[in-house]
Amino acid sequence: MKATGFISLWTLVSLPCGPLANPAEREDVVKHAIKLHRGKGAVITQRKQWVLESCRKLSGLLRQKNVVLNKLKNAIRAVEKDAGLSDEEKLFQVHTFEIFQKELNESENSVFQAIHGLQRALQGDYKDVVNMKESSRQRLEALREAAIKEEMEYVELLAAEKHQVEALKNMQHQNKSLSMLDEILEDVRKAADRLEEEIEEHAFDDNKSVRGVNFEAVLRVEEDEANSKRNASKREVEDDLGLSMLIDSQNNQYILTKPRDSTIPRADHHFIKDIVTIGMLSLPCGWLCTTIGLPTMFGYIICGVLLGPSGLNSIKSIVQVETLGEFGVFFTLFLVGLEFSPERLRKVWKISLQGPCYMTVLMIAFGLLWGHLLQIRPTQSVFISTCLSLSSTPLVSRFLAGSVRGDKEGDIDYSSVLLGMLVMQDVQLGLFIAVMPTLIQAGVSTYSSVFKEILRILILIGQILFSLAAVFLLCLVIKTYLIGPYYRKLHTESKGNKEILILGITAFTFLMLTITELLDVSMELGCFLAGALISSQGHMVTEEIMCCIEPIRDFLAIIFFASIGLHVFPTFVIYELTVLLFLTLSVVIMKFVLAVLVLSLILPKTSQYIKWIVSAGLAQVSEFSFVLGSRARRAGIISREVYLLILSVTTLSLLLAPALWRAAIMKCVPRPERRSST
């Protein structure tokens, strides 16, 4: 009993809780802990003996700690008065003593904090889950703070150890004569130390007190490099930051983005392997789809499915692959704008503006109607309807690649109308992303604040419209005064060297992307406008740039479509195939019918025949619903089940899109143009 009580007391030392103010409070806590222990049914003599022995040992340790603290204070005063030590050496020794003082004080505090935590736990209601959860949360926060303090102390000790080693080396160098090479290396060492101090960012210390920063327990998984670890010492293993992976309690995985030592080049081998694997597997998947008559993009999606979480699960850097894939969207829309001249945009701008707006309003109206019948929250109905109203610009761009673009006299080219409407939908996407925070707040607002939420949404819409006006005004200025001289300068400098031309065009695209992003408009619109501005310089310019950019676009598009496949889950689709097919066909038919209805009202009579082709191009759901769905799920607008339904319906609609497109082409396009457009 005595040993058990002693062990239990000192086990509490490792449980840090809230700090106690003064010794009087600590004495009260000790007395109360003794009273609590007396109620455990122990034999009276054993209980008294345990209390006396434990308190005697605790009191002896505290007296010994005070004696050591006084000795440390005397040692610090002696070091400060020692004239034989340099200022740097004095600071080092004093800092070492202070570290030891801090360790003693923290150890003492942990004893009484642990007793205080036991007292608080015994006073709680064991039947109240909420109370136990709060107590667990407080203990977890205390443990995190204690871990951070211990980590900082460990880092200080490592620095002190390093300083001792350096001091020993300096003493050895002073006792022997140095060669010229040794002197050079010593100067280089000092310069390297200064460089590390200059470039080192104290990110941990700078951010630990920032509002919103949480301390969490993570697992650190080191790379399995048996050959290097076999000969590595313990010190080398500790100092090697490598590219280890961190896993938090929510199963999120993190990799190194910036090392502490920026002088050593590092590479993310997981990301390299992921890109290599996608590139190799995309070839047979693309060939297979070409053989059976499907667009190659579906082969790339299948590649992502095979390598993703629902397949072999071999992709480790999913976020990095998706990020690189976004550049495929940027360059795809740039080439779309390159083929879509401002003159053609001016011809169909009314249709491009009115069509998507009418379709979105009708989709939201139908969504609210069905949501009312099925008792779905209005915010969720609006979100789902808006997601499903968007169509895939990259997919339709691949459909239109190489198609004949000559307009018939008096008619409107279907590709111009279709691309114009898709660009307007990209603008709507930026608007919807900007309004989403307000939509999140509206989901938790009371009816008394509905008017304020509507007013806030109207203000946001006004800001977006102002941003759009600013973007198009800037485009007018660039087209009139800047783009011509800029391209001529690039063309002159790039004779015999296409690097300058590619870099210049890419930089201009990224500039437009940055401008539209800063103005809270979609980045995709900036890429499209960059291509449209360059296309205003003539057909020869367009052809030259397209030959340079198309290979880059094709490779990045492979990564983009493969990243879509990473979020396709065949098992879920198979389990709910009947429901998903019904929902997908309902969405595709509804979008097709609404598009035909809207285009019948806004198209000229001479161009009514193109409404079938344009409606077929708009009938699928945009892959950006993946992005919107993930944001909405994190924000609590939609549930996990609704999110998976949106992903599955989007994927199935994209798979149905080629069949619907070919059917529309067979019906409405003359035979010579049909060959080139399919």
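Cβ coordinates are placed from backbone N, Cα and C, and glycine is handled just like the others.
TrEMBL does not curate its annotations; it predicts them automatically.
According to TrEMBL, the features are:
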SIGNAL    1-21  signal peptide
COILED    126-205  coiled coil
DOMAIN    281-660  domain 'Cation/H+ exchanger transmembrane'
TRANSMEM  292-312  transmembrane segment
TRANSMEM  324-341  transmembrane segment
TRANSMEM  353-374  transmembrane segment
TRANSMEM  429-448  transmembrane segment
TRANSMEM  454-478  transmembrane segment
TRANSMEM  499-519  transmembrane segment
TRANSMEM  555-575  transmembrane segment
TRANSMEM  580-603  transmembrane segment
TRANSMEM  642-661  transmembrane segment
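Remote same-chain partners of the transmembrane segment (642-661), defined as residues 6 or more beyond its termini with a Cβ less than 8 Å from a stretch Cβ, comprise 294-295, 298, 301, 380, 384, 387-388, 392, 395, 399, 564, 567-569, 572-573, 576, 580-581, 583-584, 587-588, 592, 613, 616-617, 619-623, 625-626, 629-630, 632-633. Using a cut-off of 8 Å between Cβ atoms, the transmembrane segment (580-603) and the transmembrane segment (353-374) share at least three residue pairs, counting only pairs 6 or more apart in sequence. If one looks beyond the transmembrane segment (555-575) by at least 6 residues along the same chain, the residues whose Cβ comes under 8 Å of a Cβ in the stretch are 275, 278-279, 282, 297, 300-310, 315, 318, 321-322, 324-332, 394, 623, 626, 644, 647-648, 651-652.
Between the transmembrane segment (324-341) and the stretches 353-374, 454-478, 499-519, it is 499-519 that has the most C-beta pairs under 8 angstroms.
Along the coiled coil (126-205), the predicted structure has mean pLDDT 68.
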